[in-house]
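Just below is one structure, and these are the notes that go with it.
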Amino acid sequence: MAGGNQSIVSEFVLLGLSNSWELQLFFFVIFTTVYVASVLGNIIIILTIVSDSHLNSPMYFLLSNLSFIDICQSNFATPKMIADFLVEHKTISFEGCMAQIFLLHSFVGSEMMLLVAMAYDRFIAICKPLHYSTIMNHRLCIIFVTISWTVGILHSVSHLAFTVNLPFCGPNEVDSFFCDLPLVIELACMDTYEMDIMTLTNSGLISLSCFLALIISYTVILVTVQHRSSSGSSKALSTLTAHITVVTLFFGPCIYFYIWPFSRLSVDKFLSIFYVVCTPLLNPIIYSLRNEDVKFAMRKLKRRYLSSWKY
């Protein structure tokens, strides 16, 4: 069997979400709106946190980094998907396909680790409030962010190192709107069972380990909050609810894809939309609309810009 450097496939055909022209125009409008809202929403969060000294805390530092990852995740595949709604023949080069696989797993892996760091921050803030300023210092936050990106990139490289050398010599149709790793592996001209196992092991382990760490952390936090006074715990519970919502909606599809059996259903590519297109929008919606400090800082930022425009 030919090696990866002898592959005759120079591009892949993306089958997209639908063959109906009317549906594609509908999707174009919907996903363009979601994309613009995701990017602008996360940019506003970063600008708000950077410009307001009252948000100079580890929690908001990690939140701004989460927004940055979401901006990156919004741009690795969504712009091409939106553009493809307006063309009949949707293709992506071999190099572009490998780039999408690398970027997706880098961003998703980094976000998983960053969510764990944010859970640890809330754990210290709620369970050990007297030691919070000592433990959660700026240096530790930098370490958390560095570890998050390092784990994400290493996780992605471990996938790409095997995928890029697979022999692609025949079928080149990917039944999705982007290069989804399990679907691309299936197109290789070889028995891909071992590759499937490695993919499930790699992505499954990082997904499950991060998810379990988050569940344990939030369980301990919830127990602690229940023993606090109602006035002191209401704000913590509100923040905690936002974190749990993001974690549930983010990890749900990931665990489904990489823990489920190898067979893929036609509805799976629509579920892929959720963690590729919609997840980056969760951050600005949940953290902004549920957080009074962020909303107040946004109003101040808005007044500042409006006053500068007057002059």
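Cβ coordinates are placed from backbone N, Cα and C, and glycine is handled just like the others.
According to TrEMBL, the protein carries these features:
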DOMAIN    41-287  domain 'G-protein coupled receptors family 1 profile'
TRANSMEM  25-47  transmembrane segment
TRANSMEM  98-120  transmembrane segment
TRANSMEM  140-162  transmembrane segment
TRANSMEM  205-225  transmembrane segment
TRANSMEM  237-259  transmembrane segment
TRANSMEM  271-289  transmembrane segment
Contact set, same chain, for the transmembrane segment (205-225): CB under 8 Å, 6 or more residues outside the stretch: 109, 112-113, 115-116, 119-120, 122-123, 126-127, 151, 155, 233, 236-237, 240, 243-244, 247, 251, 254-255, 258-259
Cβ contacts under 8 Å made by the transmembrane segment (98-120) with residues that lie 6+ beyond its boundaries: 59, 62-63, 65-66, 69-70, 72-73, 76-77, 92, 141, 144-145, 147-149, 151-157, 159-160, 163-164, 178-179, 181, 184, 203, 206-207, 210, 213-214, 217-218, 221, 243, 246-247, 250-251, 254, 275-276
For the transmembrane segment (271-289), distant same-chain residues with Cβ under 8 A (at least six beyond the ends): 17, 31, 34-35, 37-39, 41-42, 44-45, 63, 66-67, 70-71, 73-74, 77-78, 81, 104, 108, 176-178, 180, 242, 245-246, 249-250, 253-254, 256-257, 295, 298
Contacting positions for the transmembrane segment (140-162) when only residues 6+ beyond its ends and CB under 8 Å are counted: 58, 61-62, 65, 98, 101-114, 117, 120, 181, 195, 198-199, 202-203, 206
Reported mean pLDDT - the domain 'G-protein coupled receptors family 1 profile' (41-287): 85
